[in-house]
Each structure stands twice: as C-alpha cells, then as structure tokens.
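Here the structure comes first, spelled out in structure tokens, and everything after it is commentary.
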Amino acid sequence: MADNDDLLDYEDEEQTETTAVENQEAPKKDVKGTYVSIHSSGFRDFLLKPEILRAIVDCGFEHPSEVQHECIPQAVLGMDILCQAKSGMGKTAVFVLATLQQLEPSDNNTCHVLVMCHTRELAFQISKEYERFSKYMPTVKVAVFFGGMAIQKDEETLKSGTPHIVVGTPGRILALIRNKKLNLKLLKHFVLDECDKMLEQLDMRRDVQEIFRSTPHGKQVMMFSATLSKDIRPVCKKFMQDPMEVYVDDEAKLTLHGLQQHYVNLKENEKNKKLFELLDVLEFNQVVIFVKSVQRCVALSQLLTEQNFPAIGIHRGMTQEERLNRYQQFKDFQKRILVATNLFGRGMDIERVNIVFNYDMPEDSDTYLHRVARAGRFGTKGLAITFVSDENDAKILNEVQDRFDVNISELPEEIDLSTYIEGR
C-alpha cells in the first residue's frame with residue numbers, strides 16, 4: 001500500500017552484480033512436510049469461507065504451519081506482509097487463501113489479484129494452487145501468463161474476459177499492460193513470490209516497478225521468499241505500508257523481534273498474588289493471560305474483576321458467536337485484560353497487546369510460541385512472563401529455550417519500560 005511515488009529510483013543506483021536465476025523446478029506439493037497439513041478445525045480459527053475450508057479438507061491438509069498461523073489472520077484483513085520462510089512451509093497457501101477469502105467474484109471482468117514470480121514453472125504451480133483452493137468457487141477465474149509462449153494466446157484469453165486472478169512473470173505481464181490488454185486499475189492485491197529473485201535483478205526490478213505504478217494506491221502488498229537478505233528487505237518495504245514482518249529461519253525457529261521473555265518461580269497458590277502485583281507495577285496497553293482450563297478461565301477473570309482489574313474471558317466452552325463477540329470487545333479496547341485458554345493462542349491478533357502471561361505453563365513449545373506471539377507482534381515491543389510452579393513446567397521451559405534458541409531469564413525486580421513499551 002505504499003505510495004507509488006515513494007519507490008526508490010533505481011536509475012541512479014549502482015548496479016550490483018547479480019547472477020542469473022536458474023529456472024529451478026518448484027518443489028512438488030505432495031512432498032511430506034509441505035504445508036505441514038491443515039486440520040479443518042485449525043483452519044476454522046481463521047474464519048475462512050466454507051467453500052475454501054471444503055477445498056482444504058479435500059486436499060487432506062491437517063494443521064496450519066507456523067507461517068500460516070502467523071500470516072493468515074493478518075493477510076485476510078488486508079494487511080501488507082513481508083515473509084521469509086524456507087520452501088515447503090506453506091507460504092503459497094498464505095497468499096492463495098488470503099486473496100481468495102477477500103475476493104468478491106461478482107465483479108466480473110476485473111483483475112483483483114496479481115501474483116508474480118521469477119520463473120514460468122513457479123507461475124504455473126501457483127496458478128494450480130489457486131485452482132485447487134477455489135475448487136468450490138466456480139465463478140472465480142484464474143489465468144497464468146509467462147514468456148516462451150505466443151503473446152497472442154494470452155491476449156485472446158484476456159479478450160474473452162478478464163480473470164479475477166492473474167499469475168505470471170514480470171516480463172510478460174508488463175508486455176500485456178503496455179499493449180493495453182491487461183488493466184490493473186482496480187487491482188486489490190499485489191503479490192510477489194520469491195520476491196528477492198525479482199528485486200535483486202535490476203532489469204526485472206524495473207519491470208516490477210513499472211507494473212506496480214500501473215496499480216491503485218490502496219492495494220494490499222504481500223511479498224514472500226525463502227531468502228531475504230538484510231539488504232533486500234528495505235527494497236521490499238518501499239512497496240509497502242507498515243508491513244507485518246515474519247522471518248522463519250527454519251521449521252523450529254520463529255524470530256520474535258522485540259519480545260522480552262522472563263519466568264517467575266513460584267508455588268501454585270502464589271500465582272494470584274504475584275499476578276496482581278505485576279499488573280499493579282507494569283505498564284500495559286492490553287494484556288492476555290493464558291490458563292489451561294475453562295474453569296480456571298472463568299474463575300480468574302471473575303477474580304481479576306473483583307480486584308479492580310476489569311477482565312473478559314474467552315474459552316472453548318463458549319459458542320463461536322460468543323467468542324467472536326468477546327474477541328471484538330477486547331479488540332475495540334472495551335476491556336484491557338483478557339483471560340483465555342489455548343483456543344485464543346492461535347490465529348487471533350490484537351495489535352495493542354504488549355504483555356502476555358503464561359499463568360499456566362503451556363503443554364509444549366509450539367503452544368508457548370503461539371501464545372507469546374500475541375505480544376510484541378513482529379517489529380513491536382512486548383513482554384512475555386511465564387509462571388513456573390513445578391518440575392514439569394521447568395522441563396517445558398527448557399524445551400522452549402533449546403528449540404527456539406532463546407534465553408528466558410528470571411524476571412528482574414525492575415523492568416525498563418523502554419524494553420516493552422513503544423516510544424519509551
């Protein structure tokens with residue numbers, strides 16, 4: 001969503017040596033580990049259209065991957081996203097599902113989604129993914145355009161009706177725009193896959209820029225790659241407006257930028273007293289407190305309210321409608337403290353949350369990650385405090401430190417405000 005005029009001027013830029021990108025064969029989608037499967041319940045957390053969920057089930061996916069958990073909730077809201085994650089972690093599904101979710105196919109003869117990549121093979125593969133996930137959306141039209149084929153064929157395709165989704169390589173897409181065959185004036189989603197491959201090569205980068213300038217200002221921009229060097233990140237961000245940045249180094253590591261993580265050793269019966277003390281001394285915008293059961297969620301939210309900490313609870317015992325209603329109240333800042341079971345740990349995002357408490361230790365390192373990721377959303381500051389009350393809690397905390405290569409230290413007597421509050 002960046003202003004087109006703010007793009008870097010690459011004409012004066014010193015051309016760095018770039019090696020020609022080989023037409024690598026894109027990884028096959030049936031390789032184990034690709035998309036780390038999707039359980040329909042996991043994807044239901046993202047509140048996707050029933051037609052999309054049905055296609056997901058048909059594909060046999062079970063659990064959303066780390067990348068999907070982090071990106072999809074923001075992507076479906078139209079947020080700009082810059083994401084780096086290794087191949088086979090389900091990056092493609094992020095933008096395919098997010099754009100299909102936002103698509104309103106009643107707008108015929110209008111291209112709403114443009115996805116570009118650097119090779120013909122990858123373009124073809126992405127178009128096939130769109131076809132798979134839009135299986136139960138019969139009005140959605142997808143087309144793929146790339147070099148090496150007669151351009152007249154592409155022009156005929158466009159003449160018979162503009163597709164809602166266009167996938168292709170920059171050279172061919174630009175040729176179709178220059179020939180006035182492809183109109184992107186109403187485009188809503190601009191996606192680059194393997195973005196560094198396109199933006200590192202000066203000629204391809206200029207093509208991408210020219211295409212970008214032919215699209216509206218208020219569109220969503222998403223960029224994905226397996227490798228994003230520190231040098232190329234600012235170039236990507238020139239196309240974007242306050243993007244959510246997600247960097248997954250490998251399947252085990254998700255870097256949480258700006259998040260301070262601490263633990264407190266205490267007995268089970270000391271948890272409430274410690275929690276109230278910390279809520280008194282810490283400065284927070286909004287807080288999420290995670291507990292392990294519905295009963296504890298109900299009891300703690302009531303206790304907090306009695307102690308003049310107005311809280312709202314969300315747990316798996318509620319109907320979907322009630323959960324969403326309470327989630328919206330919290331999101332609208334009607335309450336500043338939320339008590340939740342793991343149900344809330346995945347796929348929901350509140351930008352004002354800057355402190356997360358693990359009142360009860362999560363059952364595994366994955367759950368820990370999804371819980372603490374609610375605070376300090378990528379690039380913002382946040383604080384995660386975990387209560388450790390027995391040997392099993394300590395064991396899980398050690399697993400978290402080993403798996404994610406982080407050092408979680410004991411909570412100090414005083415915490416510098418600037419480490420967990422923006423602008424301090």
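Each Cβ is built from the backbone N, Cα and C atoms, and glycine gets one as well.
In Swiss-Prot, the feature motif 'DECD box' is placed on 193-196, out of the ranges 89-92, 193-196, 265-268.
Taking Swiss-Prot as the reference, the stretch among 41-69, 99-127, 360-388 described by the feature motif 'Q motif' is residues 41-69. Counting same-chain residues at least six beyond the ends of the motif 'DECD box' (193-196), those with a Cβ under 8 angstroms from any Cβ of the stretch are 91-92, 95, 115-118, 122, 126, 223-229, 232, 236. Around the Cβ of A85 (ATP binding site), a 10 Å sphere holds 27 further Cβ atoms from the protein chains shown.
Its Cβ placed at the centre, K91 (ATP binding site) has 26 other Cβ atoms within 10 Å. In the three-state DSSP scheme, A85 (ATP binding site) falls into the coil class. Confidence for the motif 'Q motif' (41-69), expressed as mean pLDDT, is 84. Within 10 Å of the Cβ of G90 (ATP binding site) there are 25 other Cβ atoms, across all protein chains.
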